Amino acid sequence: MAHPEQQYLDLLAQTLERGDRRVDRTGVGTLSLFGAMLRFDLSDGQVPILTTKRVYWKTAVKEMLWFLTGGTNIRPLLQENVRIWSDWPLAAYRRESGEEISQAAFEQRILEDEAFAARWGELGPVYGRQWRRWLGPDGREHDQIAALIETLRTNPSSRRMLFHAWNVAEVGQMALPPCHMVYQYHVTSDGRLNALLYQRSVDLLLGAPFNFVGAAALQLMIAQQAGLVPGDLVWVGGDTHLYLNHLDQAREQTGRAPRDWPRMRLLRQADGIDDYRIEDFAVEGYDPHPAIAAEVAV
């Protein structure tokens, strides 16, 4: 049987070989394929933390936990040493202030100055806001995550068990419109929780590996809260692309052989979806190839 990571390596290779060369929003340019699907079996505890390069899984899980708080400001992320969202507010600050501040100096100001963080660390109504506090036309806020878990507990055969972040009325206010847009869930007759994640836009080298980990961690948490066990994680990509400054790195990664996937487990039964912490996650048997450095396109 082929290693499950081979699906991802094959997608990298296909994008390198057949990707449509496009000029994109960032100005970097991409090789793009439209429509991709990967399927990962989480039932034995294995999770899609890539082994052909080191993936900083704790960073991905911390980001997912931040989403679940409903957060929209980078300050709590920086307090957890997570810097993956800094580029967008930094670019906005440089553009609006004219100050050529370094990323390190900008992040330090966010950490030390609450007023500065409130003004310049804000990302707008991004993922967490939509997941936990979607604003309806009547002014009421809707908690999609709480509603999902309640439905999983009370009506697990429902075909309406999903949440998403593409709020048309607020997309223009977001620092970055949602890439991993829709999460849908399905319960089998033997109590397995399957998940499907749809991404409209996929940075295949840098973004997708984090999205795999975040979605798997979320599936473990939701399964525990609903009294289920994890099943399949199905990942679907829309515009699936490699940035032109990532091609050498992608070629390097496709030349590496996958190693055994690690296992992820929760160390305790949390009282609710809001009670999980990074310390609740254990990853065992992770032995990856070295990290592959690449620049984020903003």
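Cβ from N, Cα, C; glycine included.
Listed in Swiss-Prot for this protein:
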type: BINDING; residues: R25, R159, R160, R200, S201, V202, D203, N211, H241, L242, Y243; note: dUMP binding site
type: ACT_SITE; residues: C179; note: active site, nucleophile
type: BINDING; residues: D203, A297; note: (6R)-5,10-methylene-5,6,7,8-tetrahydrofolate binding site
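Listed in sequence order, the binding-site residues near A297 ((6R)-5,10-methylene-5,6,7,8-tetrahydrofolate binding site) (C-alpha within 10 Å of its C-alpha) are D203, out of S201, D203, H241. Around the Cβ of H241 (dUMP binding site), 26 further Cβ atoms fall within 10 Å across all displayed protein chains. Secondary structure from DSSP puts S201 (dUMP binding site) in a beta strand. Separation of the C-alpha atoms of D203 (dUMP binding site) and C179 (active site, nucleophile): 9 Å, rounded to the nearest whole number. Long-range Cβ contacts of R160 (dUMP binding site) within its own chain (separation 6+, distance under 8 Å): T151.
Listed in sequence order, the binding-site residues from R25, H241, Y243 having a Cα within 10 Å of the Cα of the residue listed as 'active site, nucleophile' amount to none. Within 10 Å of the C-beta of R25 (dUMP binding site) there are 9 other C-beta atoms, taking all protein chains into account.
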